[in-house]
């Protein structure tokens, strides 16, 4: 009844304008399982996946993440048999169903549907806590003879089909999980197919867990057919003790569903069929929908941020040449600044040499005394220079290279919005955002210890970050579109006093994460044991060295790390 071999399924396809000019973001939601319904979780490298568009192989930078790292909403209908055949199995099913709920995203919406001779459904979809109460209230009907499986699944489908996302424009993933022996009062094969096809038309998957309580497996074919026709997964349980592993695999199938993100010209993907090859498997071939943002088409030059069409803050003139003009302006400004600094330092050195030749004490350079313009104080004793910090914010010392307070250059200066990373537009975009597309190939701190505490690379000693300040471009929430400069110890959370205050973000913790920075401007994002985790490029992480263009998600807030 299960598949004869491992299989690969593209469950959902999304396409919207990206932050890169003239490129669309193509997202494929992919499930890979073996013949026992066990998730194939080892397809984690870019080379593990091959994409075909309109039957032609396509090479493009790939961001690989999981469903748990996205902002998408989740709705689950849990259908459980409470007829006489399940009298002995119900306690085990109830316990494992409760544990299954705990593994779902915190904001998941759940409806519980019990059935015997009648269908006992909750009046409305609620949160996980409400679903727990409904599961605990399930009772066996020992007199049941005409089980209403198909009607129960129909009721669950109708409930999910009417359900709308709580956040406007945010996609919702819908699925039905059925625990049953497959029996129905009218077990016509066509009835099983009909309810499954109706669910598939509403983008609702039916995942079934079949348990032959009386060892009669024939009715399980109806369950397997429902999963097949709706592109869900069928799992067979032979003993009550095995419910735990199968519920666990279902939770993994939900949370660890692969999410593949590509950046391609819209005209190359829109309305065309896509197909994936991975691990010797070939997926189905769904069609790419229209490239839209929250259900609307964006104008030329706009990108999709938080499901809304947004015009990026760049210099006059759009497209590639506008971005090029912005970059040229920034570079010219930096050259002028470097020239002025060189002139000032040259004058200071001349003054020092002249004073030394005359036998006088050299005057301090501006900023070396307690304040510019004040008389030189007694020379301060040499101190150790702070060059980096470990994962807990403690300074790591190196031999002295300056005076007290010389680590102030670590603080990030304000920077105007720069969309230099968007210069990767057009057909040659691969090189422009290759760093953002390869998660896990970024150079780590030299000498990183197994304890997770980072040590500064020796070559950083005495070197200071002189380029644009690292910053976060906020992509969602009340501060959408703002660019926030970073500095060492930068704290992100919902508590007052955080450097980036996520007001109203109910999915973020009070002190969710912080940023560590070395003197070369390198940044590490550290999760502070948050409830819902910190995600970089769709992957949950505790500590991550950041590279330009990486996508960060904290709570429901998304931001992009920029160094240009």
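Glycine residues also receive a Cβ, built from the backbone N, Cα and C atoms like all the rest.
What TrEMBL says about a protein is an automatic prediction, not a curated fact.
These figures come from a predicted structure and were not determined experimentally.
Range with TrEMBL annotation transmembrane segment, chosen from 319-348, 349-378, 379-408, 409-438, is 319-348.
The feature region 'Disordered', as given by TrEMBL for the ranges 265-290, 291-316, 447-472, sits at 447-472. Per-class residue totals from DSSP over the domain 'FHA' (490-541), listed helix then strand then coil: 0 helix, 22 strand, 30 coil.
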